[in-house]
Amino acid sequence: MKQIWQALKAHQQAVEHRAILDLFADPRRAETFSTRLGDMLFDWSKTNIDHTARDLLIDLAGAAGVAEKREAMFSGAKINETEGRAVLHTALRNMDRPVRVDGVDVTPALRETHARMQAFVRDLRSGRFKGQGGPITDVVNIGIGGSDLGPAMACLALAPYADGPRCQFVSNVDGAHIHDTLKDLDPATTLVIVASKTFTTIETMTNAETAKRWMATRVSDPAAQFAAVSTAADRTAAFGIDASRVFGFEDWVGGRYSMWGPIGLALMIAIGPEEFDAFLAGGAEMDRHFREAPFAENLPVLLALVGLWHNQICGHATRAVLPYDQRLARLPAYLQQLEMESNGKRVAMDGHELTHHSGPIVWGEPGTNGQHAFYQLIHQGSRIVPCEFLVAREGHEPDLAHQHLLLVSNCLAQSEALLRGRSVEEARAILARKGLTGSELERQARHRVFPGNRPSTVLAYEKLTPATLGRIVALYEHRVFVEGVILGINSYDQWGVELGKELALALQPMLEGRAGTEGKDGSTAQLVSYLRC
């Protein structure tokens, strides 16, 4: 692999100052550097990757053992080596084929849990399951991290399909979050879902207790309007939640990969079991494509290789995710966790420190909002930010088709502007037409130059349906896997979240005045003194 890395770096240095636009002298450039899956088109032709770079990147994936590790993952091998676990979130959307963990086929249990979820959701949506004040009108999902970001993103994304109770999400331990969520709801017609695998997550359980007290202000049996997504049956029982409303999942489903199963309960309530199954089917379709398509035509592999080229080879530290779809407003935040918690590591699988950078910083906002915020830096800043645009051919509001046309035209315009830029000669001509001359024209022209030659990709699709969202989420999941394999890291643990938790527990008695700050650094001690409650 070392030789391939070196060859990639040498090639990148040789073509670093080449105009990407010049690559389109090849009339088949766009077609050759695009890949399709059904109605989905991934266009990566506006990058500086040429045939040589593409072939080297594909060789890199082969040398890293992506194909072998991919089959190990799907087969239930314990590829999460630091925790000794399989990685089988894919089984949640592929329940029609046996998958064995430690020699046991896990799919019958998955199908049973899925059927229990469907039955509960149908009862709730039909009104057979009622609150103590009538049919359930609102659902509040309490969770954090993977128990929040995925289902919250998906519920917003699939709002046109949401014909069930209103679903809201509480994650932050900041009391303002749960206060503002509950203040206009009726406890007697609200269901609260507590999503915590261990039922010990401090933020989630603090909010759950607050919700239970709120529920008790209107109903005689608060726990009767709670459901849980947890494997801790003893703790859910102690909380008062009946076992029929407790849905568990296995330790081989990581939190940030878990919305395909019980963590997606709120999503299933919102859109119904049939549309939820369409979401699963979309993910399963991407799984099949990922397993079967050759690397040169494989969307997750190519998305990963483009990302590796920009981050590891070109040295671009960030990646902007720019969905031109307001209902995908939460996608960048979801992908922040998916990618940065998975591949934000500094130690390789063998325990040695990495000799290269790990995953990039992922951020973004929906278009066109971002155009009036941070696109200034993307177009004219001194750092190059590779951009990933997402856009649908068709919206959900036929009476607002003219607005969707504006949306799509803006998306394509931004992608083209990043590629093409605007030269100083073009800027001068524009200013001259406005009547400027001489030194003032020259001064102003410099400010109106767009360097261009900034890479971007576009993921286009017909319409944001449940199946399409399933394909998109699975695409990014597998992208993370491929990047992690090539970087030599474990994408499925998250030890980086632990230290802060431990220190927070120690700081609580100090902030309450029950303990001194001995042993703390001067800054922390000063802040404790100032913020003491």
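Every residue gets a Cβ built from N, Cα and C, even glycine.
Over in Swiss-Prot, the protein carries these features:
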type	residues	note
ACT_SITE	GLU341	active site, proton donor
ACT_SITE	HIS372	active site
ACT_SITE	LYS501	active site
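Overlay of Swiss-Prot feature records on the structure.
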| residue | record | Cβ within 10 Å |
| --- | --- | --- |
| GLU341 | active site, proton donor | 23 |
| HIS372 | active site | 9 |
| LYS501 | active site | 11 |
**Report entry** Where LYS501 (active site) falls in three-state DSSP terms
**Finding:** helix
Report task. Work out how many Å separate HIS372 (active site) and the residue listed as 'active site, proton donor' at their Cα atoms, rounded off. Result -> 29
